[in-house]
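According to TrEMBL, the domain 'Jacalin-type lectin' annotation covers 24-159. The signal peptide annotation in TrEMBL covers 1-18.
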Amino acid sequence: MLFIALLALLCASASANAIQPRTSSYNGEYGGGGGERFSHSGNQMDGPITAIRIRVNRYYIVGLQVRYGKVWSDYVGGTQGDLEEIFLYPGESVIQVSGKYKYYLRKLVFVTDKGRYLPFGKDTGTSFNAAPLYPNTVLRFFSGRSGSLINAIGLHWDSYPSDCSSC
């Protein structure tokens, strides 16, 4: 009898775990080969994405830096070109990213849940469009490869952090 009760408890626990919704997904890597790998996976612990800096030249996305909560990530990429910066509104999140690439990243367009469309770079190359796989999830961090330019980019999606009232 104890064995049956223990087995029933174990089965109930397993089925409860099986019905928990998934939230994380990944798109990418978009771009060409080469470059050093980078990942902002640890930065997402500082909070949601609140600002993005993109360095662009006449042809490519040269560099990337992202603010998570109130903390800026390390800068990745090169130093040539113009630095552009956008700040998200409090509680605003990126829900779609599209762009273009050839051997390097050429264009990035961020779409937010507030209806803003934020483009960077040049409109040439192979197109991509990235969105989260699961509902009610947002862009949480970037990964990819970089050298003197951004070679490739990966986009990681998950739930908006619930414990970030000061972000």
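Cβ coordinates come from backbone N, Cα and C, glycine included.
Predicted automatically and left uncurated, TrEMBL annotations should be read as such.
Mean pLDDT of the predicted structure over the domain 'Jacalin-type lectin' (24-159): 97.
Under DSSP, the residues of the domain 'Jacalin-type lectin' (24-159) split into helix, strand and coil as follows: 4 helix, 81 strand, 51 coil.
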